[in-house]
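Taken from TrEMBL, the feature Fe(2+) binding site covers His135, His137, Glu141, His180. What TrEMBL records for His135, His137, Glu141, His180 is Ni(2+) binding site. Per TrEMBL, the feature compositional bias 'Polar residues' maps to 1-17. Sequence annotations record features per position, and here TrEMBL assigns region 'Disordered' to 1-22.
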Amino acid sequence: MCESSPYQKVQNSSTKIPKTGQEHLKNSMTLGKIEDKSDLRVRQTAATMVRAWYMNDTNEDQRLEHQLSPPKFLSLDDLFTTSGILYWKLDPKNYESKLEEIKKERGYNYMDVIQISPDKLHNYEEKIKIFFAEHLHADEEIRFVTEGSGYFDARDKADKWVRIEVTPGDLIILPAGIYHRFTLDSKNYIRVIRLFVGEPVWTPHTRPADNMEVRTKYVEQQKAGFVNHNSQMKTGLVN
């Protein structure tokens, strides 16, 4: 993987793409409700594997944690009901079969790899500024971390920033229409697998983008706590 080309495309799977990204997501376990008591242990285990907290508003280095004093953390359930963000925990050293299951369940048939660091990403300083500018996408943003670490920041219902720490084994899905941004942490390195339904479209729409249809739909879902989408969302929460 050369310095000028941090992207490594992975051969597409043969998964059939549904007409829309959500049509095939039916009769699945929800994040807000436990349909099967056997899932309880898995949920509780997974809940300890991701850290999310409300941010302070200081102008310190964006790579710092920026926690409130005292810190205010969110559970996975809180994170979902306030933002619609989904989360899986996979074994970072043995993830292939679980990742393939998720790809098939959600219809992802495009996959590539990106490494972000000063010496791996061409035009690093420019790109990291773009990543950290508040924006939204018209499609889901799906990222699986295999090496390194970083932070996704997302807005909650009250328009406050929530910082989500991602480390190896974390798979995170940011819904279409959510205002968010990304930064490395102080280690300055992350390697992630990016997934997509169909041909990838990475276009960021910087805030304000409130008039976009995808944003309007997202806000409606957010006000309802995403209850209308619980039964449609596949959530793994698996080891």
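Note: Cβ is positioned from N, Cα and C throughout, glycine not excepted.
Structure coloured by features recorded in TrEMBL.
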| residue | record | Cβ neighbours (10 Å) |
| --- | --- | --- |
| His135 | Fe(2+) binding site | 18 |
| His137 | Fe(2+) binding site | 19 |
| Glu141 | Fe(2+) binding site | 21 |
| His180 | Fe(2+) binding site | 24 |
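Sequence-ordered, the extra residues of this chain that approach the Fe(2+) site, with Cβ no more than 8 Å from the Cβ center of His135, His137, Glu141, His180, are Leu136, Leu174, Ile178, Tyr179, Arg181, Pro204.
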